[in-house]
Amino acid sequence: MKNSSLYKGSLTTIIMKLLEENGRMYGYEITQKVKQITAGELTITEGALYPALHKLESEGLLDVEVERVDNRLRKYYKLTESGEKETVNKMAELEEFIRNMQSILSPDVKPGLQL
Amino acid sequence: MKKLTEEQAGHLMEFTRRHYVEYYDLQCELADHLANGIEAAWQDNPKLSFEAALQKEFKKFGIFGFSDIVEKRTVALQKKYYRLLWGYFKNFFRLPVVAGTVSAIIAVRLLLQLSHWIFGALIFSMIVIGIVRLYRLRKNYKDKLKRTGQKWLLEDTIYACGGVSVLLNVPLQLYINIKTVPSGSMLWLLSAILVLIAIYDYVVLWVLPSRSEGHLEEAYPEYKFQVTK
């Protein structure tokens, strides 16, 4: 992932947000969607994506479906009920983080933050 | 749009196997990922050879290739195995089954009071029964692997039965370290430990293997494609 130290902690939030918006997606589709949305600025590496998907699946936040597409099996991921709730929490956390960062970086925009 | 042939799709599965992806579910997922990448590369350059497109796509997985993905998947599924094991184990302490568990502890305590030889006999029986059952399970599992040619990580973990060392070593160490059967509360403790070991053995050697199909179908939607293939 580009600028990995800044984005790394947000990978699961990105995945869950994409699944919330798109219903179900497969691994390759997720990498391409991120590339498309960010106009190539952000790239999720395969080595980071699949462990994150498998971890979310084992935690019960994602469910999987498999379909035969062309001449191969394709694994789709979708949010479970608890995954949907967790996405809301993660998005709220991320938005708060962004707000705080903006306050720190541009104190004129949001005065009043005390360190 | 140029698509992969059946033969090329098969080659991708073989490619993942050659790169140390033993497990069928991961082979399918990674082969599909490579296939998508190759087909996308062909959209930009239809003259690109299959092999060149494959190598280009594989490079995106970094210098460690698939190994990191396999390693983390193994950790995730092993956690799942222990969660399943714990779920079945806990059942022995819920009503009404807990009455049987308590009765077993009392029965073992009464037996141990009779003679030290009974302690040895109980340990010896647990070890022998464990070895025989483990041998049969492993043999059946190997036969199944030969028949299907498809290995599933969760199934592999279920048929490893938590490892021989736990099954055999724990009772053996108990026998070696306890020279004489204690009395009073220590005897209660020893009886409870023996029953706990027996419950653990029963769950890993009987309960989980007998329900493996259901757990595999739940964990792997791909599993039904193998069975009905």
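Glycine residues also receive a Cβ, built from the backbone N, Cα and C atoms like all the rest.
Caution: TrEMBL annotation is automatic and unverified by curators.
Residues or ranges marked as transmembrane segment in TrEMBL: B:92-111 (among others).
Summarising the annotation, TrEMBL assigns transmembrane segment to B:117-136 (among others). If one looks beyond the transmembrane segment (B:117-136) by at least 6 residues along the same chain, the residues whose Cβ comes under 8 Å of a Cβ in the stretch are 108, 111, 161, 164, 167-168, 171-172, 174-175, 178, 181, 190, 194, 197-198, 201, 205-206.
Per TrEMBL, the feature transmembrane segment maps to B:157-176 (among others). Note on the transmembrane segment (B:157-176): residues 77-78, 81, 85, 119-120, 123, 126-127, 130-131, 134, 137-138, 141, 190, 193-194, 197, 200-201, 204-205, 208-209, 212, 215 of its chain, located 6 or more positions outside it, place their CB under 8 angstroms from a CB of the stretch.
If you look at the transmembrane segment (B:188-208), the same-chain residues 6 or more away from its ends with a CB under 8 A from one of its CBs are 84-85, 88-89, 92, 101, 104-106, 108-109, 112, 119, 122-123, 126, 129-130, 133-134, 137, 158, 161-162, 166-167, 170-171, 174, 178, 181-182, 215. The transmembrane segment annotation in TrEMBL covers B:188-208 (among others).
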